[in-house]
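So that you can see what the record holds, here are the features copied from Swiss-Prot:
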type	residues	note
BINDING	G10, L11, E12, G13, A14, G15, K16, T17	ATP binding site
Amino acid sequence: MESKFIVIEGLEGAGKTTARDVVVDELRRHGIPEVVFTREPGGTPLAEHLRTLVKEGVDGETLTDRAEVLMLYAARVQLVENVIKPALARGAWVVGDRHDLSSQAYQGGGRGIDTHLMQTLRDTVLGDFKPDLTLYLDIPPQQGLERARSRGELDRIERESLAFFERTRARYLALAAVDETIVTLDAGQPLEQVSAAIRQALRAWLASQEAQV
């Protein structure tokens with residue numbers, strides 16, 4: 001089977017780190033020899049600098065919504081071209097903590113940035129490059145934020161209003177409903193049930209991929 005790009009998406013507190021561990025474990029059980037993990041924003045020296053700016057902001061300066069989304073796409077193109085595509089080319093599988101769907105949901109939905117601009121940015125930066133599978137961990141914003149707060153200090157994005165995350169979730173769900181490569185999973189369940197659902201979804205998808213070979 002050819003190398004694949006799998007992405008884990010969701011709001012704060014959805015359990016993406018746990019999901020990553022489950023996915024990597026399942027891929028290794030399946031005999032995948034090399035699995036590369038990435039996160040967005042981040043993953044290259046420049047992208048990590050941009051991550052800090054997006055997450056923490058700049059003292060004394062308001063970070064505008066458009067500046068935010070442009071930095072996210074700058075970080076994304078660095079990661080895709082310097083890490084993800086080379087890994088896939090050598091036969092490795094890539095598991096990403098967030099990708100373009102995050103921008104479409106957070107900046108397009110949460111921030112309310114014009115849909116045409118979001119599509120233009122995506123098409124310009126990524127072209128036809130997209131994940132083979134996205135696991136969207138759906139969780140009510142209030143529940144997710146409570147989990148995030150329990151981890152400690154919140155970053156600039158995590159401090160947004162509940163209404164912001166409601167809009168973000170709504171956009172996630174709308175996009176997932178029209179894209180067959182996105183699998184929506186109930187992340188509000190107990191951890192054991194979520195992990196089991198991830199394994200089941202991934203195994204079913206792997207079986208479908210093997211059937212196409």
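Note: Cβ is positioned from N, Cα and C throughout, glycine not excepted.
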Around the Cβ of A14 (ATP binding site), other Cβ atoms found within 10 Å total 26
Ranked by how many other Cβ atoms lie within 10 Å of their Cβ, the binding-site residues L11, E12, G13, G15, K16 are led by L11
Give the number of CB atoms, excluding that of G10 (ATP binding site) itself, located within 10 Å of its CB.
25
Within 8 Å of the Cβ centroid of G10, L11, E12, G13, A14, G15, K16, T17, the other same-chain residues by Cβ around the recorded ATP site are L137, I139, G144, R147, A148, A187
